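Annotated features in Swiss-Prot:
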type	residues	note
DISULFID	C80-C108	disulfide bond
DISULFID	C87-C101	disulfide bond
DISULFID	C91-C109	disulfide bond
SIGNAL	1-26	signal peptide
Amino acid sequence: MIPRLLPFFASLLFAALLFPGLSNASSINHLVTEPPSFPKDEFPARGVNGSQLLHHRVKRLPPRTPPYHEPEPNYQIVNCKKSEGQCQEYCNFMETQVGYCSKKKEPCCLHPF
């Protein structure tokens, strides 16, 4: 008799492991209709239209106050006429930028031909 019950209990255990939420299905429907309970001193944040704000507070950095040192520019000013380049607003396709013409950051572009 024990060998006959073993497959039955094994299949029952297997079904219970596959579907663990079925035993609590009736209590889930009951819990969904109840509003969430909060302690009296801690209510969730409310938005302008009454919706709950779900994001958390972000730690903000203090504002930068003078005197602070700006990073040095890492661009190189070159003599564009000497390198047979052309100063223009931006380099076109297949042109190579060799540096900048002035502090206005106009690139010095070399033509490929």
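For all residues, glycine too, the Cβ spot is worked out from N, Cα and C.
The shortest Cα-Cα distance from C91 (disulfide bond) to any of the disulfide-bonded residues (C80, C101, C108) is found for C108. For the disulfide-bonded residues C91, C101, C108, counting C-beta atoms within 10 A of each C-beta gives the highest total at C108. Here C101 (disulfide bond) is positioned 6 angstrom away from C80 (disulfide bond), judged by their C-alpha atoms.
Distance from the CA of C109 (disulfide bond) to the CA of C87 (disulfide bond) is 6 Å. Long-range Cβ neighbours of C109 (disulfide bond) (same chain, at least 6 residues apart, Cβ-Cβ under 8 Å): G85, Q86, C87, Q88, C91, N92, E95, T96, Q97, V98. It is C87, among the disulfide-bonded residues C80, C87, whose Cβ has the fewest other Cβ atoms within 10 Å in the structure shown.
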